[in-house]
Amino acid sequence: MVLLGYPSSRSQLEASKGAMSLSRLDRLLLARIADQAERYHDVIAQIKDIINMSDARLNMDERNLLSVAYKNITATLRSSWRTIDTLETQTRHSQKEHRLMHRQKERIERDIADICKDVVELLERFLIPAANPGEDKVFYCKMRGDYYRYLAEMTHNHHREQYASTSLDAYKFAYKHALHTLDPAHPTRLGLALNFAVYYHDICQSPEKACFLAKHAFDEAIAVASDPTFPVHSLEDALMILQLLKDDLILWSEELRAGGDTLAT
């Protein structure tokens, strides 16, 4: 299995030969250092090399480094895209200003598309097929839904429906799997519920569906997390995601009331 291309120069070849002698632990250490230095492309390169040498089976530390690196790169690009989109639609500009602004927006869209498609290929070709049933499978399928959602939110041509549909399928598969393998307060299951609800709100423009999913996940998790036997090491992450679910529920419920709708229970 090869994820990265062959070196194209003598210096790259020598660097590649040196890199080949690195152990999995060495690469993990380099990935951690790159993460602390906020060199997220370097994190991804190291974890891709680990995937090559591990039959695509990552441990939790490696998996989380990869996820956070892609998330940080994408978050910066999406923030830039939203800023220009707002300026473009809500502010008056000369023709020249509008043209230059639109050009910059399209450049960011290409960058987002490139990184999203890189993630999706990694997930579909390697990580999901090799994932163990349970949390790994849920985590990677949720991640697949997330990046197709990012593609859908900035696409306005005929591809948008395809991206949105694929994202929905990924979330549905992950959620169904989570219901059977993870308890309601497991952070990965809660994170999935949060992002799935965001999909319904942002992509489907359905605050009612978003609220229904978020409230169901919130209520089930609260009942489990309040049990004294709930694992302490998972409680902090669970509570953080529960707060995010609660915040979104308040916001989306206000949208429903403003529109004259009420949340079904």
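The backbone N, Cα and C atoms fix where each Cβ goes, glycine too.
These figures come from a predicted structure and were not determined experimentally.
Per TrEMBL, the features are:
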type: DOMAIN; residues: 24-265; note: domain '14-3-3'
type: SITE; residues: R78; note: site 'Interaction with phosphoserine on interacting protein'
type: SITE; residues: R149; note: site 'Interaction with phosphoserine on interacting protein'
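Counting only residues at least six positions away in the same chain, the Cβ atoms of Y163, A164, S167, N195, V198, Y199, D202, I203 sit under 8 Å from the Cβ of R149 (site 'Interaction with phosphoserine on interacting protein'). Long-range Cβ neighbours of R78 (site 'Interaction with phosphoserine on interacting protein') (same chain, at least 6 residues apart, Cβ-Cβ under 8 Å): I112, Y150, E153, M154. Summed and averaged per residue, pLDDT over the domain '14-3-3' (24-265) gives 93.
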